[in-house]
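A.B. asks: Here you go, one structure.
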Amino acid sequence: MFENEKRMAAMEALKFVRNDMRIGIGTGSTAYYFIEGLSELVKNGLRITGIPTSKKSEELCRSFNIPVDYNIKDIDIDFDGADEFDPYGNLIKGGGGALVREKIVAYNSREFYVLVDHSKYSERLHKFPLPVEVLPFMSEKTLENIERLGCRASFRDDKKFISDNGNYIIDCVFSYTDPELESQIKMIPGVVEVGIFRHLSTKIFQGTIDGCRIIDVK
């Protein structure tokens, strides 16, 4: 439904890629359009090194002959999608199950550019369940402890979904996903990472019906 808007956001973000950059390459449907467009630039002589945030994105990069290297200390820009964002640049991420690697790459990048369609905007984060990656060990108890914070929680695909790190994803439905919940949830033993991304995004590329709006996050 919003495929053209996702493509618009990806194409606009690609204009910021320069020779010899080391870039984070995200996961998901919008990131696919970015990878597809990046492959054309590489084919035409652009020199970059990519740090994919999931095995799926790594496979895509390699199939498009995009150089990949995980042994990079400094990342210039991370390009990734989001499930939801608010006016302050807070994000919900992890719908594709790659939130741990996505957060590692975003945190270690000088800039974090978020590519979305117009439907991903919310005044308050509430539309998308909050993904939380947890260790399999005593995971039922971890879920119970998360629910004590006031949400309805369930294992993604009844534990059939396994992250690239070998863990489960718990999807949490809050009436409002307060960004402050990130630290509270991370204090629960068994929690690996939380899909709230605070103070990380620097630009948001929001695809629209007739172009792309670039939002500078203050």
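Backbone N, Cα and C define each Cβ position, glycine as well.
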A.B. asks: If Swiss-Prot gives THR27, GLY28, SER29, THR30, ASP80, GLY81, ALA82, ASP83, LYS93, GLY94, GLY95, GLY96 as binding substrate, which of LYS43, LYS55, LYS120, LYS141 does it give for that site as well?
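C.D. replies: The candidate from LYS43, LYS55, LYS120, LYS141 that Swiss-Prot ties to substrate along with THR27, GLY28, SER29, THR30, ASP80, GLY81, ALA82, ASP83, LYS93, GLY94, GLY95, GLY96 is LYS120.
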A.B. asks: Which one is it: of the binding-site residues THR27, SER29, which Cβ has the fewest other Cβ atoms within 10 Å in this structure?
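C.D. replies: Taking THR27, SER29 as the binding-site residues, the minimal 10 Å Cβ count falls on SER29.
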A.B. asks: Rounded to a whole number, how many Å is the Cα of LYS120 (substrate binding site) away from the Cα of GLU102 (active site, proton acceptor)?
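C.D. replies: It is 18 Å, counting Cα to Cα.
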